[in-house]
Amino acid sequence: MIAECIKKVASHSDLSVYEAKGAMQDIMSGNATDGQIGAFLTALVMKGETSSEIAAFASVMRENAVQITPKRNGMLVDTCGTGGDGKNTFNISTAAAFTAAGAGVTVVKHGNRGATSKCGSADVLEALGIKIDISPERVCEIIDENGIGFMFAQSHHPAMKYAGKVRKEIGIRSFFNLIGPLSNPAGADAQLLGVYDSPLTEKIAEVLNILGTKRAMVVHGDGYDEITTTGITQVSEVNDGQVRSYSLDPSSFGFQKADAASLFGGDSQYNAHIIRSVLSGDEGPRRDIVILNAAAAIYLGERAGSIADGIKYAEKSIDSGLALEKLENLILLSGGKNDS
């Protein structure tokens with residue numbers, strides 16, 4: 001299948017859902033050669049991937065994942081980004097995940113080690129003392145008990161090994177950078193998903209809609225794959241089959257405009273220190289951006305009727321110590337080590 005698809009894509013023709021799924025299954029099953037994978041990825045980048053193609057690729061990745069089924073106490077929410085924005089911030093969506101969990105949202109956090117940054121979510125969680133390479137069954141138990149757990153992508157997507165070498169060798173951004181965040185192994189009902197380029201907000205929202213995601217906010221703010229406090233964020237929101245796009249201004253929620261330098265991160269140990277400081281109540285621009293992103297996750301998880309209400313719940317989560325408690329519990333339950 002993939003050989004025929006390469007020819008079609010090279011002629012700048014779009015793939016049908018059947019063709020896209022077939023090509024992706026060839027990759028995920030190890031039936032495609034490295035040369036075929038490289039040619040396919042390159043041709044797709046040159047043509048440009050359609051929403052239906054990306055959805056088809058993601059659906060196959062989901063089918064090949066080691067999935068888990070946590071108990072549903074309301075919506076299951078994931079907070080993640082594509083990475084690749086080049087901003088080198090601390091791990092904002094990871095801090096927001098603990099804050100949302102402290103507000104009563106069940107968070108099924110999915111992530112990996114950093115590819116384009118010094119520190120991915122897996123790296124910073126490990127630096128915080130969390131054991132990340134645990135069985136999927138144990139992750140499911142932790143989510144049920146703690147209301148937040150972490151699914152390490154390498155443990156849940158073993159078939160990705162077939163594409164890993166080629167992706168590194170060709171060194172170009174491809175649909176694989178997009179479908180990881182679209183392939184939550186717990187079947188998240190709602191997602192706060194940051195993308196590295198503004199035009200992707202609508203396209204990825206369309207993909208999530210095709211995949212049946214109940215609620216989502218796909219965001220890109222002032223160059224960040226986050227809701228930002230440095231400027232305006234472009235949002236494409238999915239809500240029960242409908243997609244609407246709008247701009248979000250942090251000043252309308254009372255946040256001061258942040259300077260980009262105040263959001264810089266570093267290596268995993270440095271970023272872990274920042275997250276623990278924010279969850280411990282330190283104030284300033286780092287707290288502000290975590291609060292704003294957590295508020296969106298709380299809103300998507302239907303624990304708040306609006307982002308404005310979500311901000312109040314996020315602030316309470318941190319100030320009450322509940323967000324930090326979720327972190328401490330995850331360290332303990334994962335069998336990790338707390339060095340704080």
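Every residue, even glycine, has its Cβ placed from backbone N, Cα and C.
Database features, via Swiss-Prot:
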BINDING   GLY81, ASN112  anthranilate 1 binding site
BINDING   GLY81, 84-85, THR89, 91-94, 109-117, SER121  5-phospho-alpha-D-ribose 1-diphosphate binding site
BINDING   SER93, GLU226  Mg(2+) 1 binding site
BINDING   ARG167  anthranilate 2 binding site
BINDING   ASP225, GLU226  Mg(2+) 2 binding site
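Features as recorded by Swiss-Prot, highlighted on the structure.
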residue: GLY81; record: anthranilate 1 binding site; Cβ within 10 Å: 26
residue: THR89; record: 5-phospho-alpha-D-ribose 1-diphosphate binding site; Cβ within 10 Å: 23
residue: SER93; record: 5-phospho-alpha-D-ribose 1-diphosphate binding site; Cβ within 10 Å: 26
residue: HIS110; record: 5-phospho-alpha-D-ribose 1-diphosphate binding site; Cβ within 10 Å: 27
residue: ASN112; record: anthranilate 1 binding site; Cβ within 10 Å: 21
residue: ARG113; record: 5-phospho-alpha-D-ribose 1-diphosphate binding site; Cβ within 10 Å: 17
residue: ARG167; record: anthranilate 2 binding site; Cβ within 10 Å: 18
residue: ASP225; record: Mg(2+) 2 binding site; Cβ within 10 Å: 27
residue: GLU226; record: Mg(2+) 1 binding site; Cβ within 10 Å: 29
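Look at SER93 (5-phospho-alpha-D-ribose 1-diphosphate binding site): DSSP puts it in a helix. A separation of roughly 15 Å, to the nearest angstrom, links the Cα atoms of the residue listed as 'anthranilate 2 binding site' and ARG113 (5-phospho-alpha-D-ribose 1-diphosphate binding site).
Distance from the CA of GLY81 (anthranilate 1 binding site) to the CA of HIS110 (5-phospho-alpha-D-ribose 1-diphosphate binding site) is 10 Å.
When the Cα atoms are compared, ASN112 (anthranilate 1 binding site) and GLU226 (Mg(2+) 1 binding site) turn out to be 17 Å apart.
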